[in-house]
Amino acid sequence: MSKILAINAGSSSLKWQLFEMPAEKVIAKGVAERIGQELGRIKVVANGRSDERKVVIPSHQEAVKMLLTSLTENKIITGFTEIVGVGHRVVAGGEIFHRSTLIDEKVIAQIESLAEYAPLHNPAEAAGIRAFMAALPGVPEVAVFDTSFHQTLPAVNYLYSIPYEYYKKFGARKYGAHGTSYRYVSQRTADLLQRPLTDLKMIVAHLGNGTSLDAIKDGKSFNTSMGFTPLAGVTMGTRSGDIDASLVAFLEEKMDLSTEQMIHILNTKSGLLGLSGVSSDMRDLLAHEGTDPQAKVTVEIFVDRIVQYIGSYVAQLSGLDVLVFTAGIGENESLIRSRICQALGYLGVKIDEAVNKTTRGTEQIISTPNSKVKVLVVPTNEELMIARDVVEYGEITSK
Ligand code: AMP
């Protein structure tokens, strides 16, 4: 048995899970939050117990040291040599990384060079990688990119209709996101249906705070709703999704804002939050939609944009075999699933409302036997996918 850490480092946080592989069992998980701020928080969950402490966490290096120390202190491991591999989520892999990659100095430099595609994420992720290299020298580390699954997109789907030289010179194209989730969910769906993934025309709806859709053909990502950054696509918790680019310049002028300020608004104050004025959280909106007309229209827009994307992907795929719901809303909100599927009735989508209603965070086929499209709920598991990639690309053999 081998112990593998899956790391998700943000600009001020570091989330982790410790897996026993190949059993794929989560032994412990936790988070270090508010790194670099006045007072941080460290949380470790293991053996049914949760240990939480408020401490100053000056840097990612310190967060990594504290995480490793907490593993021995809580007797989750007896020594660091038990950890045989570390996997890191990396947001932007550009056109360099088509798959997960064993990390060396060159790979770290490449991740850093891609910082302009994900300024909040890639530098923090590189810092996390360096911190583990220092703390666990010689232990294989693997980078798992959010974008790599979408490197199979055909040019017809990744190019924007802008001067082609901008793509050639600056890499201005669609990269997509949530790729690790799509890779896990699409394969798991094929396994559950006992069909080869390559035989299925599939759409996966990753409906969370960040929401996107992916059209999968021949087992590969064929089109996806997020774009150059995760700001594009459908309405999200706080992100606008697609808007007319001219509106950005118009609003900047009206409110005397810089482009940076405007993009910040589109990322953090728009979407469900901006439209409703109530909350970015779907649970709150569903609780208010009966009494608050603005909450009602916000939920309608959320459903509508998803239905629009699914319709366009069905047209591109020339049909649909499977529709899969995943992430916070997709896994838990039967009402949203039901409304989307009702709108897709014209495709022969039929779900069993009773089964749908009782499905929360579990794997389940929710379509009726005579539905023309199989509809499933498949909880995503990006951390497990990262741990699997560490085994594969770190060439780890079980001890
Ligand atoms: P995620 O980003 O995947 O964590 O998803 C967050 C979204 O899922 C929020 O809009 C929540 O309202 C929604 N959601 C609904 N039910 C749940 C639940 N039981 N647990 C977590 N998120 C939920």
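Heads up, the Cβ atoms here are built off N, Cα and C, so glycines get one too.
The Mg(2+) binding site annotation in TrEMBL covers N8, E382. If you look up TrEMBL, you'll see K15, H206, L207, G208, N209, G210, D281, M282, R283, G328, I329, G330, E331, N332 marked as ATP binding site. What TrEMBL records for R89 is substrate binding site. The active site, proton donor/acceptor feature in TrEMBL is assigned to D146. TrEMBL lists H178, R239 with the feature site 'Transition state stabilizer'.
Features per TrEMBL, on structure.
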residue: R89; record: substrate binding site; DSSP class: strand
residue: D146; record: active site, proton donor/acceptor; DSSP class: coil
residue: H178; record: site 'Transition state stabilizer'; DSSP class: coil
residue: L207; record: ATP binding site; DSSP class: strand
residue: R239; record: site 'Transition state stabilizer'; DSSP class: coil
residue: D281; record: ATP binding site; DSSP class: coil
residue: I329; record: ATP binding site; DSSP class: helix
Neighbour count (Cβ, 10 Å) for E331 (ATP binding site): 23
ATP binding residues K15, H206, L207, G208, N209, G210, D281, M282, R283, G328, I329, G330, E331, N332: largest Cα-Cα distance, in Å and rounded to whole number: 24
Residue with minimal Cβ packing [other Cβ atoms within 10 Å] among the recorded positions K15, R89, H178: K15
I329 (ATP binding site) and N8 (Mg(2+) binding site), distance between Cα atoms, whole Å: 21
Listed recorded positions (R239, R283), ranked by Cβ neighbours within 10 Å, top entry: R239
Contacting recorded positions for ligand 1, chosen from K15, H178, R239, R283, I329, E382 when the Cβ sits under 6 angstroms of any of its atoms: R283, I329
Residue pair R89 (substrate binding site), E331 (ATP binding site) - Cα distance, angstrom, rounded: 22
H178 (site 'Transition state stabilizer') to D146 (active site, proton donor/acceptor) - Cα separation in whole Å: 5
Cα separation, E382 (Mg(2+) binding site) to D281 (ATP binding site) (Å, whole number): 21
D146 (active site, proton donor/acceptor) versus binding-site residues R283, I329, E331, E382 - nearest by Cα: E382
Residue pair L207 (ATP binding site), R239 (site 'Transition state stabilizer') - Cα distance, angstrom, rounded: 13
